Amino acid sequence: MIDTTLPLTDIHRHLDGNIRPQTILELGRQYNISLPAQSLETLIPHVQVIANEPDLVSFLTKLDWGVKVLASLDACRRVAFENIEDAARNGLHYVELRFSPGYMAMAHQLPVSGVVEAVIDGVREGCRIFGVQAKLIGIMSRTFGEAACQQELEAFLALRDQITALDLAGDELGFPGSLFLSHFNRARDAGWHITVHAGEAAGPESIWQAIRELGAERIGHGVKAIEDRALMDFLAEQQIGIESCLTSNIQTSTVADLAAHPLKTFLEHGIRASINTDDPGVQGVDIIHEYTVAAPAAGLSREQIRQAQINGLEMAFLSAEEKRALREKVAAK
């Protein structure tokens, strides 16, 4: 189901949601951090979704063990590097990795700015070794409040040339986008792209707000757009992309099952929607699974899957020249 003549992308992928269980085990031992299990087999149920979680917030707690072992900046650098290695193993040509430095720093009071630097270093080294093209998206974790998001924003701005876009993630219901208007004004002033998690836990009004008030060019998840025909028309007309994450939306109980997922309808409506992983380490999936198992189960035809793959590159925060070069590089292989 993957067209090997086209670039394969993953543009909604959380770096801090893709920490290998083996790495959690090794870092726990290295830093003498008490873990809920002492073998890989017994640790996996604590760090990966085995059965669907009742809601988004419950799902997010599965990420916590991954960041609890980030006891040093070297550990942050390692997981960033391994994210690129994983992308290469999955056959990805281009990946946009998003991360919340405040979340990664929290367990061991690491300097937020240091975490940003460590992630940049790890990703840069991974790209050099594995040949994957990558860009970084800074996440503000809305769950921790406006002040914490401000701290994350300042850390990103200090290295603004290494950051491609700003995102807002976390508890969408408890912390609506209206709390973060000034943050996104500064992001746009910095020349960054904007993508926002919206329409996952909250309704279509959250998506409208992300677009109209925060300046979103893309929407993360966006499943609730299906409830608003005018919104779907607007997304299609304005070419505002939806970063779909099929398995994730089932595991968070955002959507009942794959057959009920709106991605197929979005594509039929002419919306620029793509296929992505979200938190592959926590979900126990990869991009290949999403294309070859999840997408067909969601009712997508072979041509719709190909269109979603094309959309992934068209939606990417790359220049027209960068997109052309990537297409030519893949076609020449």
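A Cβ is built for glycine as well, from the same backbone N, Cα and C atoms used for every other residue.
From the candidate list Asp121, Asp278, the residue Swiss-Prot records in the Zn(2+) site shared with His12, His14, His197 is Asp278. If you take the Cα of His14 (Zn(2+) binding site) and the Cα of His221 (site 'Important for catalytic activity'), they are about 13 angstrom apart, rounded to a whole number. Cα-Cα distances to Asp16 (substrate binding site) place none of the recorded positions His197, Glu200, His221 within 10 Å.
Between the C-alpha atoms of His197 (Zn(2+) binding site) and Gly170 (substrate binding site), the distance comes to 8 Å. His221 (site 'Important for catalytic activity') is 9 Å away from Asp278 (Zn(2+) binding site) when you measure Cα to Cα.
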